[in-house]
Amino acid sequence: MDISYFKRMFEKNNYKFTKQKQLILDVIIKSPVHLSAKEIYEKVKDKNIGLATVYRTLKLFKKLGIIKEINVSGVSYYEMKMFSKNPLHIHFKCLNCGKTIDINSKISVEYVKLNNRLEEENNIEIHDMDMMLYGLCNICREELKCQGQLNLEE
């Protein structure tokens, strides 16, 4: 991903694209999972970036539409919104292990179609959506089933 695009975007909106902002953005871009502010901080603190700077930067990234905030059980996690390979997808939160999983399937495509239909029928414009499903991931489901804590009809 070309960092110069973000630099121009910041300048266009009268913000400085500092080294700290670039490092924080780089962590989010390279992460294969959703990260909390504290997790991002843990990855950049050795570069003399404070937690308050991480929070301010995330707020600005969100304002500019670069990242998306996902609230899971009262904790905010962040993922790329701009240039995302999966711009509109469903999230799944395992109630046992806490893992958050992106669901990218034909169902997500159907959800996009539903959003388009809602826009047309109600003369509205949807800019973003959040859908969080809660349950057990396949690993926890199997573990609980083996431990006899989960009674599943198969």
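Just so it is clear, glycine is given a Cβ too, placed from its N, Cα and C backbone atoms.
What TrEMBL records for C94, C97, C137, C140 is Zn(2+) binding site. What TrEMBL records for E110 is Fe cation binding site.
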**OP:** Could you round the CA separation between C97 (Zn(2+) binding site) and E110 (Fe cation binding site) to a whole angstrom and send it over?
**Re:** 28
Original post:
If you run the three-state DSSP split on E110 (Fe cation binding site), which class comes out?
Top reply: helix
Original post:
How far is it from the residue listed as 'Fe cation binding site' to C94 (Zn(2+) binding site), counting Cα to Cα, in Å?
Top reply: 23
Subject >> Cβ-Cβ neighbours of C97 (Zn(2+) binding site) (radius 10 Å) >> reply: 11
Subject >> Chain-internal residues near C94 (Zn(2+) binding site), provided their CB is under 8 angstroms and they sit 6+ positions away >> reply: T100, I101, G135, L136, C137, C140
Subject >> Other CB atoms, at most 10 A from the CB of C137 (Zn(2+) binding site) >> reply: 18
Original post:
Once the chains shown are all counted, how many other Cβ atoms turn up within 10 Å of the Cβ of C140 (Zn(2+) binding site)?
Top reply: 17
Subject >> C94, C97, C137, C140 excluded, remaining Cβ within 8 Å of their centroid (Zn(2+)) >> reply: L95, N96, G98, K99, L136, N138, I139, R141
Subject >> Neighbouring C-beta atoms (10 Å sphere around the C-beta of E110 (Fe cation binding site)) >> reply: 10
